[in-house]
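Take a look at the structure set out below.
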Amino acid sequence: MDFLLALVLVSSLYLQAAAEFDGRWPRQIVSSIGLCRYGGRIDCCWGWARQSWGQCQPVCQPRCKHGECIGPNKCKCHPGYAGKTCNQDLNECGLKPRPCKHRCMNTYGSYKCYCLNGYMLMPDGSCSSALTCSMANCQYGCDVVKGQIRCQCPSPGLQLAPDGRTCVDVDECATGRASCPRFRQCVNTFGSYICKCHKGFDLMYIGGKYQCHDIDECSLGQYQCSSFARCYNIRGSYKCKCKEGYQGDGLTCVYIPKVMIEPSGPIHVPKGNGTILKGDTGNNNWIPDVGSTWWPPKTPYIPPIITNRPTSKPTTRPTPKPTPIPTPPPPPPLPTELRTPLPPTTPERPTTGLTTIAPAASTPPGGITVDNRVQTDPQKPRGDVFIPRQPSNDLFEIFEIERGVSADDEAKDDPGVLVHSCNFDHGLCGWIREKDNDLHWEPIRDPAGGQYLTVSAAKAPGGKAARLVLPLGRLMHSGDLCLSFRHKVTGLHSGTLQVFVRKHGAHGAALWGRNGGHGWRQTQITLRGADIKSVVFKGEKRRGHTGEIGLDDVSLKKGHCSEER
């Protein structure tokens, strides 16, 4: 009876405990499959990711190169490798106890054992005494093949020397046996080789693999530009460019002094063809257009001829001969005295002086002494002034004079020189933005200093384009031209940048184009043909494209480009 009562009591307590259990999971699940409870749901723990079949797998960033991921950012390396991401070779020969009995040579991901002279390597890796190998005296041991002794080398990068006993290195880089990825150079080592990034590049883990990435020396401060220059990063290196108002190679920049030449006063031009030169003393020199004026072939000095009347009167000088060809600017004048000519006479060629013909009404009787001697050594000051076109020992050859020749105009006469250059810091330099396009080229401040052009963002759906045109004008018949420019087409869906040339009112297919990249790049293109009317840069963007198209440092030179890139 007592036993039955005890059994009933135990049964009631069990049923009460079972009724209180609601079947819910605990707050945290300690499991080897990476499951955790987050409030009322169960999901993969932090550092784990759910696979397509529903199981949670650990995630390692970066990935394990020679191993497997066993936990969040935790790699288990394969034999022969070490490191956090299993990307380093394990030197088994340095382990204790040593894996080899005699000689050990480490290889990438493994190792090899070799026996001393007089021993042979057995199949189990041990070394056994061999009188035959001892007699051969091999550097790295020997092997018996069909009863013959043959010395062996431990690596494919080693080969037997002519003596048949020692091993010499094989230069895989020179023989072409090496195979290095792009942008890496081969460096030979004893028994092997390594692939190393070129100068200006650094090995980085990008996109799930190791790549040679360009080093931005400008942003890192690893450049040697002048303090008056800007640093521009290019692929594998950098370049220095002097700032506005300075000149030089970028490593050394020298200030360019500003020179301004202003006229001393207003110049009155009388009726008729001719030119008036006004000096500092206020005396006007009227130079008529007379085709019969001659200048002696070699007259180093013109002797002064002074009239009896000292009052100020205009004097005449030879007729200028205009020419469209630009020349260097004028030299500082030396004292020269000319005399007011007599009424018109028949022109003759004197031996020691100058004879001119001018209208009688322009010069009254009498004359004055005017210091108009010209220095024979030509100089080249800048500015829009009257300058000699052909400087020589003959002073001015028949007074061939033109106005408005600058250093830029003079450079256009010489082949292979710069004929146009623009960095857009102070405007478009002759480039024209076509207004009928959907988009426009706009100047934007460069963080490194100055400005560059960029294509505005598209605001309507469909294809959009912005065109920048440079009319060549007189350069249209200059032959081949070298177009050089810096550009960048960066970002997600950045668009397209293209180069065209227009001939006979229309342009053909694009000569060059780019729709992606990283950072600024330098490009040179040879524009072939003598009938090019204009050069066109076309930038295309669509709505929603977040990338940037940039253009800067555009220049044109005569002739072919030294390097197409």
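Each residue, glycine too, has its Cβ placed from N, Cα and C.
Just so it is clear, the model here is predicted, and its values are computed rather than measured.
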>> In Swiss-Prot's disulfide listing, Cys77 is paired with one of Cys64, Cys86. Which one?
In response: Cys86
> If you check Swiss-Prot, which of Cys153, Cys186, Cys195 bonds to Cys173 via a disulphide?
Replying inline: Cys186
> Of the residues Cys197, Cys225, Cys231, which one does Swiss-Prot pair with Cys218 through a disulfide?
Replying inline: Cys231
> If you skip the near sequence neighbours and keep only those at least six away, which residues in the chain come within under 8 angstroms of Cys240 (disulfide bond), Cβ to Cβ?
Replying inline: Tyr223, Gln224, Cys225, Ser226, Ala229, Arg230, Cys231, Tyr232, Asp249, Gly250, Leu251
>> As a quick check of your reading of DSSP, tell me how many residues in the domain 'EGF-like 2' (89-128) are helical, how many are strand and how many are coil.
In response: 3 helix, 16 strand, 21 coil
> Can you give the mean pLDDT for the domain 'EGF-like 1' (52-87), rounded to a whole number?
Replying inline: 87
> Rounded to a whole number, how many Å is the Cα of Cys77 (disulfide bond) away from the Cα of Cys104 (disulfide bond)?
Replying inline: 22
> Nearest to Cys69 (disulfide bond) in three-dimensional space, by Cα, is which of the disulfide-bonded residues Cys60, Cys115, Cys127, Cys173, Cys186?
Replying inline: Cys60
> Helix, strand or coil at Cys173 (disulfide bond), per DSSP?
Replying inline: helix
